[in-house]
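Visitor: Look at TrEMBL and you will find 37-65, 66-94, 119-147, 148-176, 177-205, 235-263, 264-292, 293-321, 359-387 tagged as domain 'C2H2-type'.
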Amino acid sequence: MIICSVFEDPVQREEGVATSQTEIYEEKDTVLAIKHHQCNQCDYQSVKKSILQQHINSVHLGIKNFKCNQCDYQTTRRDFLKQHVDSVHLHLKKHACSQSQKNVLQQHINSVHLGIKNFKCNQCDYQTTRRDFLKQHVDSVHLCLKKHACSQCDYRTSESGRLKKHINRVHLNLKTYKCHHCNYKTINNWHLKNHVTNIHLGGEGEKCSYCEYKATAKGNLKRHIDTVHLGIKHYKCTQCDYQASDNSTIKKHMNSVHLNIRSYKCSLCNYKTNYIWSLKQHNSNAHLGIKDNKCSHCDYQTTSKGNLKRHIAAVHFGIKIINVTNVIIKQCDYCDYQTTGERNLKRHIGNIHIVIKNHKCDYCDYRVTEKSRLKPHINSVHLGIKHTCDKCDYQTSRKELLKKHINSKHINS
């Protein structure tokens, strides 16, 4: 009997079959098997395709095939399931040394409950509570070791878990976090927490002083106020003056403007883009011939918004369209948007990317991009004007929320 080094599972030997993921199948002569099957996402190799598939399912896709028969616990590895059963259901404590147990307990208290960061990077000011986090930091930041590559775009990372999340969110759009109370699904754990708090727990949580938003944690509420209401941009580009409210937007800006990296590639042609919505639009228009743009005046359909505008102008409004050659096309530096007018480009950048907030509240530092959004802020925050439901005691500062309340509580109930 042989113990698998990955799953710690006793495996009975069968003739001509690899015993485990150690891939040693001739124990007497200690002959190493030739590893023909290579993982396309990391350096892992295997002698059998089935074992390679187990590796991909467990490490990269996070498929939890191992389920506890005594509770709802699931995991990607057999050895994790065994540890769970031993510790939770059988209450087996393998380490009998009292001093060792004290050390482990103290480490747990320091890192989890006290937040003491004992592990410090010797190359920068980074500190963390766990040794494995420090190793990940050194590998990714200082050694630039990004061993795990996405097979569908140029994304690379030093952690297999991050690659799995990237694939699930960006390419598969998998909503892995499910609400136990309803059919709600999402790709983020904090989205799920907010959903449960606001919808099922009666909105218990910290409420935003500017709007109806409620957060499950102080950090989430502060982030919401900074980004949505105060327009504070904590993240700055190291190459130019561009600022953003979140790190992911800065990365997209760096890739598109300074590094000229197009993360999303079309599998049918050489088209590349930084945005998944742009790739989907390209596939629909160029390869699938999906005509999503329909004329509201007749049965005309087209794959392009520009073609639809020209059709409406020429056919229904009698505007003559002149085909001008050598027209200078203005390209947005942040996305694939194009236009022939300089003013259109500036308006696009101001509204979509840089978000210039020219309209300031007379009573506080609140700023918005559109003047129409300033009035609801003043009414709700400074004047205390509330919209009241005529069928119950519900009040809100926003008219659209009152409509939503009436539709959900009184009309549809």
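For all residues, glycine too, the Cβ spot is worked out from N, Cα and C.
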Visitor: Checking distant contacts: for the domain 'C2H2-type' (235-263), what same-chain residues at least six beyond its ends satisfy Cβ-Cβ under 8 A?
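Guide: Long-range Cβ neighbours of the domain 'C2H2-type' (235-263): 153-155, 226-227, 272-274, 333-335, 354.
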Visitor: Go ahead and report the DSSP secondary structure tallies for the domain 'C2H2-type' (235-263): helix first, then strand, then coil.
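Guide: Result for the domain 'C2H2-type' (235-263), in helix, strand, coil order: 12 helix, 4 strand, 13 coil.
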Visitor: By DSSP, how many residues in the domain 'C2H2-type' (148-176) are helix, how many strand, and how many coil?
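Guide: Helix (H, G, I), strand (E, B), coil: 12 helix, 5 strand, 12 coil.
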Visitor: Take every residue in the domain 'C2H2-type' (235-263), average their pLDDT values, and give the whole-number result.
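Guide: The average pLDDT of the model in the domain 'C2H2-type' (235-263) works out to 76.
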